[in-house]
Amino acid sequence: MSGAALGLEIVFVFFLALFLLHRYGDFKKQHRLVIIATLLAWYLCFLIVFILPLDVSTTIYNRCKLAVNSSPAESNGSYVTLAPSKQKCFKPWSYIPNGIMPIFWRVVYWTSQFLTWILLPFMQSYARSGGFSITGKIKTALIENAIYYGTYLLIFGAFLIYVAVNPNFNLQWNQLQTIGIAAANTWGLFLLVLLLGYGLVEIPRSHWNGAKRGYLLMKTYFKAAKLMTEKADAEENLEDIMEAIRKVSESIKYNHPLRKCVDTILKKCPTEYQERMGRNMDDYEDFDERQNSYPSEKSLVKLHKQVIYSVQRHRRTQVQWQILLEQAFYLEDVAKNETSATRQFVHTFHSQEPENKIIQYFYTPTVEWYWECLLRPWFYRVLAVVLATFSVIVVWSECTFFSTKPVLSLFAVFIQLAEKTYNYIYIEMACFLTIFFLSICVYSTVFRIRVFNYYYLASHHQTDAYSLLFSGMLFCRLTPPLCLNFLGLTHMDATISHKNTQPTAYTSIMGSMRVLSFIADGFYIYYPILVVILCIATYFSLGTRCLNLLGFQQFMGDSEMTSDLIDEGKELIRREKRKRQRQEEGENRRREWKERYGNRDDSTRNRVVHTDQKESSFSETNANRPLSKYTRSNGRNERDRIELLQDAEPLDFNADSINDDPLESDSGRYQPGGRYLSMSRSKIFDDV
C-alpha cells in the first residue's frame, strides 16, 4: 500500500476540480488556455488540502522511528519495538516513502506560486483585452500588469533591505527564498482571516435558515426583485452597445482597412443582432465616397471589450433568472404540500429536463413529501448545530494555539492523544475533517463574494474567464497560509510547538520563519486572534448593515426597503407563474386536439393532396396537347379584344410617345395595366 493512497487522492482530487470547473465554467465557449490554467490552479490547491493529512501521519511515524533508533530497540517485521517498554511503531497504511513528499510539495507549491503571481494575472488582462491580434492583447496585458508587478517588487525589496541592513543576518539563497515565502504567506494570511471570520458564522447560520421555508421563500422573492433590476440593466446596456456597433458597421464599409475588426466584433454579438445588422447593412458604397469621421482602432478595441462584457452579463442574467424562477416555484410547492393530507408531493409545473428513471423509481412523490416537508428541515437543523460546534472549536483554537504549556488548542489535544496510541486512521480523519472544514469556510466565501460585476462566480456555466482566473489566483494565495495555520492549530509546526522534533515535509519546504522574527513570533501568532472580532461582526450583520446604508440593497428582515423588494419580487414571480401556466394550458389543448383529431386531419390532408395531384396531372395533359393549328386564330381574336379594351381606357396625353399597338412593346409582352402603367411613371398632376 506504499504510495497507493497518494495516487488515489491525486486522481480523486483531479476529477473533483474538473467537476467544479465544469459547473462554473463553459468548456465549449471559453478559451482552452483559460480552462487549463484555472483547472491547474484549483487542482493544486485542492491537492494540498487532501494530501496534508497523509504528510502528518507519515511525520508522526518518522518521529516514532527516530525515538526508537535513539534508544535500545529490536526490529520485528513491519514495525519497530522498543526494548524497555515494548512500545510498537506500526507503519500507517498510507505511509509515503522518504524523499517523495519533499519533492511533491516543492513542485506543487512553486507551481501554484508561479500561477498566482505571474501567469494568472497576465492571463486575466489578456482575457479581458479587446485587442484583435495576439500581439495587441499581449501588449495590453503587459501595460496593465506593470503596476501590479511593480507593487510586489516593492514589497519584496522592502523585506530584502530589512534583512540586508540587519547585521545578524547573512544573506543566502535559502534565506532569500524564505523571505519570498514569508511575504506571500503574510498577504495570504491577512485575507485568510477575513474570509474565515465570515465563513465560520455564515455557514452554520445559512444551514439553520435553510430549515425555515418562509425565510427561504422571502429571500428568493428579494433576489428576484434585485435580479430583475440587474437583468433590465443588462438588456439596456446590451441595446446601447448594439446600437453603437450598428453605427460603426454602417460607417465602415467592406473595403475599409478596419472592416476586419468590425467583423470580429459582430461575431461576438448575439445571433438575432447579427441577423438584424446583416439585413440593414449596405456594403456597395466605398468608404471614400462620403467624408465621414471613422472610428479609430483604439476605439474599436474599447468597443470590442464592452461587447464581450455586455454579452456575457446579458447571458448570465437570463440563465440566472430562469434558475431563480424554478427555485421560487419549488419553494411555493413545498409550502403548499406541507398541509397535504395525501402526503404526496405535487408539483405545479413538470420538470423541463428529463429525469433519471432510477431516481424516479426510488424518489417517489411520497418519499419526496417526507423528505421535503418533514426530514429536510430537521436534517438542516442538526447539520447547523454540528457546524456551529466546529466553528466554536476553531475560534477557541485560533485564540489559544500559541499556548504550549498547557496545550489549550483542542485540535492539538486531539492529535496528541491519537499520537500516543499511534492510531493513524484517527489522526488522518481528524486532520482531514479539520482542514476540510477550514477550507470550506474559506473557499465558500470565495464562491459567494461578488465584487460588483468584475468578479462573480456564477454556477450553471455562467462564469466569465476573468472571474475564473481570479478565483484561481485567490485559491493559490490562500491555501499555503491556510495549511500553515492548520499545522499551527495542531502543533505540528515546530515554530509553534517549540519542540526539537522532525517537522512535516510541508513545513520544511516553507523554510524557517526565524529569518523574520517579527513575522514568525508576532504576526503569524497574534493576527489570527482577530477572527473573534470578525465573527462577532458577521453574527450581528454589521457588514450587511453598512452596505445597506451605502445604497447596496441587502436582505434584512427589519428594513422597509427589504419589504418593498419582497413584495415586488412576489409580484414578479406571480406574473411569471401565470405566464408559464398559460403556456402549459395552450400546449395541453394542442396536444388534446392532435390526439382527438389527428387521424381525421391526416385523412383529410391525404384527400386534398390526392385531388391536387389529379388536377395537376389533368392540367399537364391539356398543356401538352398540340395547339399549332389554333395559334393564329386565337392570336387574332386576342388582339382584337385588347384593342377594344384599350379604346375604352383613358389615354395618357402627357406621355412622350404613344404606341398604337400595345403588343409591340420593348418587352414583347402585354402589360395588364395598359396606359395606367405609364401614367404612374409620368407627371400626371403637372397641369393641376
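Cβ atoms here come from the backbone N, Cα and C positions, even for glycine.
Feature annotations, reproduced from TrEMBL:
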COILED    224-251  coiled coil
COMPBIAS  582-617  compositional bias 'Basic and acidic residues'
COMPBIAS  618-634  compositional bias 'Polar residues'
COMPBIAS  635-644  compositional bias 'Basic and acidic residues'
REGION    576-688  region 'Disordered'
TRANSMEM  6-21  transmembrane segment
TRANSMEM  33-52  transmembrane segment
TRANSMEM  103-126  transmembrane segment
TRANSMEM  146-165  transmembrane segment
TRANSMEM  177-201  transmembrane segment
TRANSMEM  378-396  transmembrane segment
TRANSMEM  425-446  transmembrane segment
TRANSMEM  523-542  transmembrane segment
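Of the candidate ranges 6-21, 103-126, 378-396, 425-446, 523-542, 523-542 contributes the most Cβ pairs within a distance under 8 Å of the transmembrane segment (177-201). Highlighted: of the candidate stretches 6-21, 103-126, 425-446, 103-126 has the greatest count of Cβ pairs under 8 Å to the transmembrane segment (146-165). Within its own chain, the transmembrane segment (6-21) is flanked in space by residues 35, 38-39, 42-43, 46-47, 50-51, 54, 94, 96, 100, 104, 468, which lie at least six positions past its ends and keep a Cβ under 8 Å from the stretch.
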